[in-house]
Amino acid sequence: MSVTVRVPAKVNVQLAVGAARPDGFHDLANVFLAVGLYDEVTVTPAAELKITCSGPDAHQVPLDASNLAARAAIALAARHGLAPDVHIHIAKDIPVAGGMAGGSADGAGALLACDTLWGTGASRTELLEICAELGSDVPFSLLGGAALGTGRGELLEPLPVGGSFHWVFALADGGLSTPAVYGEFDRLTAGTDVPAPAAKPELLAALRAGDATALAASVVNDLQPAALSLFPALARTLAVGSAAGALASLVSGSGPTTAFLAKSAESAEEVASALLASGTCRAVRVTSGPAPGATVVAPAV
Ligand SMILES: C[C@](O)(CO)[C@H](O)COP(=O)(O)OP(=O)(O)OC[C@H]1O[C@@H](n2ccc(N)nc2=O)[C@H](O)[C@@H]1O
Ligand SMILES: Nc1ncnc2c1ncn2[C@@H]1O[C@H](COP(=O)(O)OP(=O)(O)OP(=O)(O)O)[C@@H](O)[C@H]1O
């Protein structure tokens, strides 16, 4: 008896970052778009909590209680007076420490999988509450689609999207630590007046219309200068994608994955080939978004 949940990666089409708050987090206007790269989380009853991981980046994933999937199982079990005795297997396809919310995806996936396996019947509200305790990106991993995240990114308002967008992702050699990138943002903006973050109306309209050209004209990531400062080689990857015809080239979230919005599936393939041929990234992925949020794919039998 086991339950498998599929969970998407995300790209931030707008990431507006405010000044650091007293609690160390930053207020955001975070426009999330789920894209079709997925991790699959399978939970099976076991004598004790155990985690395994497969996939090309598996060796970088912690297999102890610090794994967000383990933390999710423990949090749900504690709320319902259960023992978190499950084997969690993560089939990992989302790049690790890549700015695509891979760990968050596993947290949301394990939560939904354990809820289904244990029959805890937690409401959507309770699941989202636990997600927010696990991390700022985790609620969106559960929800999927597109959403505006405010607060530290955990307060979600689903957004309408009028079509599918073609994306290419270039995976970098190495990762970036999210706190380090926010720290670099603070260093780069020290002494300046950081405006309160706000979603751009023209960007929300472009999403609503499914208009890739209009979306490309308005994407913006306030963490990009910080990511480039810590990982300067990313500038070359961005330039290659733009020269190959991408409508927009940007750092995905805290990086170092770079994201390229293409006008068509054919153009996306051309951008991907140029990126690979340039030698400025370790791998490329072609996909589209929005993608659905965490979904049970193989229920308990
Ligand atoms: C960069 C993004 O991926 C964009 O969606 C997120 O803002 C990061 O979300 P996350 O990885 O879920 O981050 P969390 O696990 O909640 O926080 C990790 C660390 O990132 C920094 N952090 C995160 C979110 C936020 N709004 N402000 C922050 O300053 C803090 O240093 C925090 O200690
Ligand atoms: N299930 C998990 N998968 C990957 N990393 C995990 C997981 N649980 C905990 N981690 C830890 O979290 C760190 C960040 O990994 P993750 O892949 O979530 O980064 P990210 O995609 O850049 O995050 P975000 O986009 O949400 O800022 C890893 O280096 C690892 O130590």
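Yeah, the Cβs are placed from backbone N, Cα and C, and that goes for glycine too.
Keep in mind that TrEMBL annotations are predicted by a computer and have not been checked by a curator.
Here TrEMBL flags Lys10 (among others) as active site. In the structure as shown, the Cβ atom of Lys10 (active site) sits within 10 Å of 31 other Cβ atoms.
Positions annotated as domain 'GHMP kinase N-terminal' by TrEMBL: 67-145.
Under the heading ATP binding site, TrEMBL lists Pro95, Val96, Ala97, Gly98, Gly99, Met100, Ala101, Gly102, Gly103, Ser104, Ala105. Reduced to three states, the DSSP call for Ala105 (ATP binding site) is helix.
A C-beta separation below 8 Å, combined with a sequence spacing of at least six in one chain, links Asp137 (active site) to Lys10, Phe32, Ala101, Ser104, Gly153, Gly253. Under the heading active site, TrEMBL lists Asp137 (among others).
Marked as domain 'GHMP kinase C-terminal' by TrEMBL: 204-276.
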Structural state census, the domain 'GHMP kinase C-terminal' (204-276) (DSSP three-state): 42 helix, 11 strand, 20 coil
Same-chain residues at least 6 apart in sequence whose Cβ lies under 8 Å from Ala97 (ATP binding site): Gln60, Gly175, Leu176, Ser177
The one of Ala101, Ala105 whose CB sees the fewest other CB atoms within 10 Å, among these binding-site residues: Ala101
Neighbourhood of ligand 1 - recorded positions from Lys10, Pro95, Ala97, Gly103, Ala105 with Cβ under 6 Å: none
Listed binding-site residues adjacent to ligand 2, that is, members of Ala97, Gly99, Ala101, Gly103, Ala105 whose C-beta is under 6 A away: Ala97, Gly99, Ala101, Gly103
